[in-house]
Amino acid sequence: QLLGVLLAAASNFLISVSLSIQKCAHLRLACQTEPKPYYKSKLWWCGIILLGLGEVGNFTAYGFAPIVLVAPLGCVSVIGSAFISVLFVKQTMRAADILGGTLAVAGTYLLVTFAPNVPQELTARRVQNNLVSWPFLVYVILEIIIFCILLYFYKRKAVKHIVVLLMMVALLASLTVITVKAVAGMITLSVKGKMQLTYPVFYIMLILMATSCVFQVKFLNQAMHLYRATAVVPINFVFFTTSAIISGVIFYQEFQSAALLSVFMFLFGCLLSFLGVFIIARNKKEEHLQVPYIDCGRIPGQKLTGKIQPDSYSSCYGTLNNEDDSVKTQS
């Protein structure tokens, strides 16, 4: 489990770097006179590659430690994002960031210390039995209903609020952590000599894992495009950790034999971590891009000192009115 903890911590730090790089790429593209699609940016692809490496590290960590131990280590990503954004996005480090980071680290320490330490062999037959268990079936039905409602508002009503986007990411993430844990566990047993890769359930979980990851990245990238990294990462941490813990408890019964004191301290660690990330995200100012403008004093024939903003709804960079306001001359 120590190896799983170290892998998860390093991977989440790498993810925070990748998210900040992606946000930096979006800001640079937005400042261009003719912005190109973000997927044509080399900087954006560097962020995606680092994100992939971080997710691979997280995948490996799930093979050595339970979900409720690996998922809360996303706190490293929250703290890393707050500090790295100072370098990439030129944001100001505040005292609230330091306080929130301290609380988040203290909460994560409690989470790791009081997480259940019960070794589990995830055989293919056990995964099959868990898939058809009543608690998990009820949980999946509720998740599908909530996801469909959010998707309706996202697609039909064009609601792209950060909570809507990250709620869909969290719902997909709960399925992702279940499948990742199952696939990593069966691969680990197969490497040890107990072949599990011949069972169809392994490939079913593998397909579900890949599908949920693709859509999860899609909605997360949409959130990164519209909002700040220091706002997306903390909220995503809260939603992801909550959904991962719930899915681990329901699917893998990871708290089945835990003591009452351990459960209480674990939940207290959750609240402390969530409080820390909310302090980090609190009162963050929106980033305003520097929009190019025309100084009328530098235009031949004009003696004005005002500034004309470009028309974002037109192909022209900017327009000037003549004396009778009847004809516009393109600058």
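Just so you know, glycine gets a Cβ as well, placed from its N, Cα and C.
Marked as transmembrane segment by TrEMBL: 6-22 (among others).
Listed as Cβ neighbours of the transmembrane segment (43-61) (distance under 8 Å, sequence separation of 6 or more from its ends, same chain) are residues 3-5, 7-8, 10-15, 17-22, 24-26, 28, 70, 180, 183-184, 213, 217. TrEMBL lists 43-61 (among others) with the feature transmembrane segment.
TrEMBL lists 67-89 (among others) with the feature transmembrane segment.
According to TrEMBL, the feature transmembrane segment maps to 96-116 (among others).
According to TrEMBL, the transmembrane segment annotation covers 136-154 (among others).
According to TrEMBL, the feature transmembrane segment maps to 161-189 (among others). Within its own chain, the transmembrane segment (161-189) is flanked in space by residues 58-60, 62-64, 66-67, 71, 120-124, 127, 143, 146-147, 150-151, 153-154, 195-197, 199, 201-202, 205-206, 208-209, 212-213, 215-216, 219-220, 222-223, 226-227, 231-232, 235-236, 239-240, 242-244, 246-248, 251-252, which lie at least six positions past its ends and keep a Cβ under 8 Å from the stretch.
Among the features that TrEMBL reports, transmembrane segment is placed at 201-220 (among others).
Residues or ranges marked as transmembrane segment by TrEMBL: 232-252 (among others).
Within the chain carrying the transmembrane segment (258-281), a Cβ under 8 angstroms from the stretch's Cβ atoms is held by residues 68, 72, 75, 78-79, 82, 96-97, 99-111, 113-116, 230-231, 234-235, 237-238, 241-242, 245, all 6 or more beyond its ends. The transmembrane segment feature in TrEMBL is assigned to 258-281 (among others).
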**Study point:** Sequence-remote partners of the transmembrane segment (67-89) [C-beta within less than 8 Å, at least six residues beyond its ends]
**Key:** 1, 4-5, 8-9, 12-13, 15-17, 19-21, 23-24, 27, 58, 61, 97, 100-101, 104-105, 107-108, 111-112, 115-116, 177-178, 181, 228-230, 233-234, 236-237, 240-241, 244-245, 247-249, 252, 254-255, 266, 269-270, 273, 276-277, 280, 287
Check your understanding: In terms of Cβ proximity under 8 Å, which residues at least six beyond the ends of the transmembrane segment (136-154) contact it?
Key -> 130, 160, 164-165, 167-168, 171-172, 174-175, 246-247, 250-251
